[in-house]
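Please read the structure below before turning to the comments.
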Ligand code: GDP
Ligand code: MG
C-alpha cells in the first residue's frame with residue numbers, strides 16, 4: 001500500500017445538480033482525505049491546457065465547451081492507493097458501463113457529461129495537481 005495523492009474534479013453537470021456534498025461524502029467514506037479544494041470557472045485556455053492529451057480526439061471541442069460551461073470543484077485527495085481508489089469510486093468513463101454504486105452510475109447522464117474527473121496514474125496525478133495548486137495550497141493532514 002502506498003500513500004498517494006490524486007486530482008479530483010466535480011464537473012459542471014454535478015455542480016449544477018447540487019451534489020457536491022454527496023460526492024465528497026463518498027470520498028470521505030472511502031477513507032480519502034480532501035487536502036486541497038477550490039471552486040473555479042475554467043477559461044477555454046485553462047480547459048484546453050488541462051485536457052491537452054486529448055487535443056487530437058474528435059470530442060475535444062465538446063469536452064472543452066462542457067468543462068467551461070459552469071463552475072467546477074477541484075480537489076486533491078490523499079489516501080492509501082488514492083489514484084486507483086478514486087477511479088473505482090468514480091466508475092467507468094461511460095456511465096452506461098459504470099458499476100452500480102459508483103459516482104458516474106449515480107450522477108452522470110452521458111459520456112460527455114460524466115460528473116467527475118480523476119487522475120489515471122500517479123504521474124498524471126502529480127502533473128494535474130500542479131496544474132491547479134501551488135504546493136502551499138495543499139494542506140497535509142496525515143499524521
Ligand atoms: P476519464 O479519465 O475516465 O475521464 O476518461 P478519458 O481520459 O478517456 O476522457 C476524458 C473525458 O473526455 C471523459 O471523462 C469524458 O468527459 C470525455 N470523453 C471521453 N471519451 C469521450 C467520447 O467518446 N465522447 C465524448 N463526447 N466525450 C468523451
Ligand atoms: Mg482521463
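For all residues, glycine too, the Cβ spot is worked out from N, Cα and C.
Because TrEMBL annotations are produced automatically, they should be read as predictions rather than curated entries.
Copied over from TrEMBL:
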DOMAIN    3-140  domain 'Nucleoside diphosphate kinase-like'
BINDING   11, 59, 87, 93, 104, 114  ATP binding site
ACT_SITE  117  active site, pros-phosphohistidine intermediate
Based on the record's binding annotation for ATP (11, 59, 87, 93, 104, 114), what whole-number value in Å is the widest Cα to Cα distance?
21
Can you tell me which of these binding-site residues sit near ligand 1, meaning the Cβ is under 6 Å from at least one of its atoms: 11, 87, 104?
none
Measure the Cβ-based neighbour count of residue 93 (ATP binding site), defined as the other Cβ atoms within 10 Å of its Cβ.
14
DSSP says residue 104 (ATP binding site), in three-state terms, is helix
87, 104, 117: which of these recorded positions has the highest Cβ count within 10 Å of its own Cβ?
104
At the Cα level, what's the spacing in Å between residue 93 (ATP binding site) and the residue listed as 'active site, pros-phosphohistidine intermediate', rounded?
9
For each of 11, 59, count the other CB atoms within 10 A of its CB; which of these binding-site residues has the top count?
11
Coarse DSSP state, helix versus strand versus coil, of residue 117 (active site, pros-phosphohistidine intermediate)
strand
Return one of helix, strand or coil for residue 11 (ATP binding site), based on DSSP.
coil
